[in-house]
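First the structure, in the form of structure tokens, and then the observations on it.
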């Protein structure tokens, strides 16, 4: 019995179990997800203007982000009982794991499937625990295809770039180019990040080899062209004038510095604890691994780039909007997390080549660190909230209430429909509902989607009391 227990209590197995516990509720809660806000708007635009009409209106009118519009205009994406809508978060979560695994496989070619999966699930779990908003990351369609999808596409793009560098197989650079076209069309923050990373990569290779091959140059040109197509679009110019009082430089600088300090304090402690546990376990496997070329670089520039993610991801948004949506910070956090792991691997392999241990934890230190991980999971974080939404019945009640609402709306023959007000709001999946102001844009989209003049909480002659 003791050998079996000892086997399952090894660091690798404990981390895998804890990571699985982290991911599980985010998959389960997807079945209770429902559309909101822009989801209805895009469905209306596609219905009224046609699929290609929507693409034209969006690019010329309010956004140069072509990929979300291409996806959100797909007919019947938001329709019926919203089965497809409920599947999207599950597909995105699975795709995120596959994308991280694909990148890990491109870096560590000889690593076992178990160890590749081990690293991939740790990254995904850390992201889910600390991402600022799972709601805006996975469960609100308009937000998820604009930001979360960009992360997944960027991971695949860089993975294929790495495979091209090691094999010179043209199919890999073609795949990377196609992915670059897609990812650049998602949002401006990811656009900046991937241009920064790829630009640094090209500069390093040019300095090292005194030349770049045609495939890398072609990818560079395509990325610049797509970036210009997004940033110089009429829709992007129009969007920049939407927020009065923006473009305040000093305000944006101060807000960015405060946000950077806060995010580092929120994110780094848990990342460091997990890194210590991971490398303590990984060290045994790494003895058989040759240092990948991607880690044979000077530490200075990678560290500079990793910390620049916080500035470059936050400052332009403060400057443009005067505030930073959580969906943007989700992207910043993921790239920062990935960057910290990258820098840690550089340091690990540098010490390995000098035959110095990166980290070697005693039994009691490991126990203490695992206790910190469990304490973190039991504290105020996304995982606890997701389990709470499931176990308390909030997610179920929310979905049931909305289904009853849809039934009332669809069965009503009146142009004005009075609906029950929502009383439960599962934090993990709830984003927005219609507003008391019937002229609010969310209400307008909601009314148009269901082909009603007005859908409201109140009758014309009676105001609902706060407790109603």
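The backbone N, Cα and C atoms fix where each Cβ goes, and this holds for glycine too.
Residues of the same chain lying 6 or more positions beyond the ends of the transmembrane segment (12-32) and with a Cβ under 8 Å from any Cβ of it are 86-90, 93, 97, 118, 121-122, 124-125, 128-129, 134, 138-139, 274, 277-278, 281, 370, 373-374, 377, 383, 386-387, 389-390, 395-396, 398-399, 426, 428-429. Residues or ranges marked as transmembrane segment in TrEMBL: 12-32 (among others).
Taken from TrEMBL, the feature transmembrane segment covers 82-104 (among others).
Residues annotated as transmembrane segment in TrEMBL: 116-132 (among others).
What TrEMBL records for 138-162 (among others) is transmembrane segment.
Sequence-distant neighbours of the transmembrane segment (169-185) (same chain, 6+ residues past either end, Cβ-Cβ under 8 Å): 65-68, 70, 150, 153-154, 156-158, 160-161, 163, 191, 194, 215-216, 218-219, 222-223, 226-227, 229-230. Feature annotation from TrEMBL assigns transmembrane segment to 169-185 (among others).
Summarising the annotation, TrEMBL assigns transmembrane segment to 216-237 (among others). Within its own chain, the transmembrane segment (216-237) has Cβ neighbours under 8 Å at 58-66, 161, 164, 173, 176-177, 180-181, 184-185, 188, 191, 194-195, 198-199, 202, 205, counting only residues six or more beyond its boundaries.
According to TrEMBL, the transmembrane segment annotation covers 267-287 (among others).
For 299-319 (among others), the entry in TrEMBL reads transmembrane segment.
Among the features that TrEMBL reports, transmembrane segment is placed at 331-351 (among others). With a threshold of 8 Å between CB atoms, the same-chain residues lying at least 6 positions outside the transmembrane segment (331-351) that come near it are 123, 126-127, 130-132, 147, 150-151, 187, 189-190, 193, 263, 267-268, 271, 275, 279, 282, 286, 291-292, 295-297, 299, 302-303, 305-306, 309-310, 313-314, 357-358.
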Beyond the flanks of the transmembrane segment (138-162) by 6 or more, those residues with Cβ under 8 Å of it:
26, 29-30, 33, 35-39, 41-42, 65, 67-68, 71-72, 77-78, 85, 88-89, 92-93, 95-96, 99-100, 102-103, 105-107, 172-173, 175-176, 179-180, 182-183, 186-187, 189-190, 193-194, 197-198, 201, 219, 294, 327-328, 330-331, 334-335, 428-429, 431-432
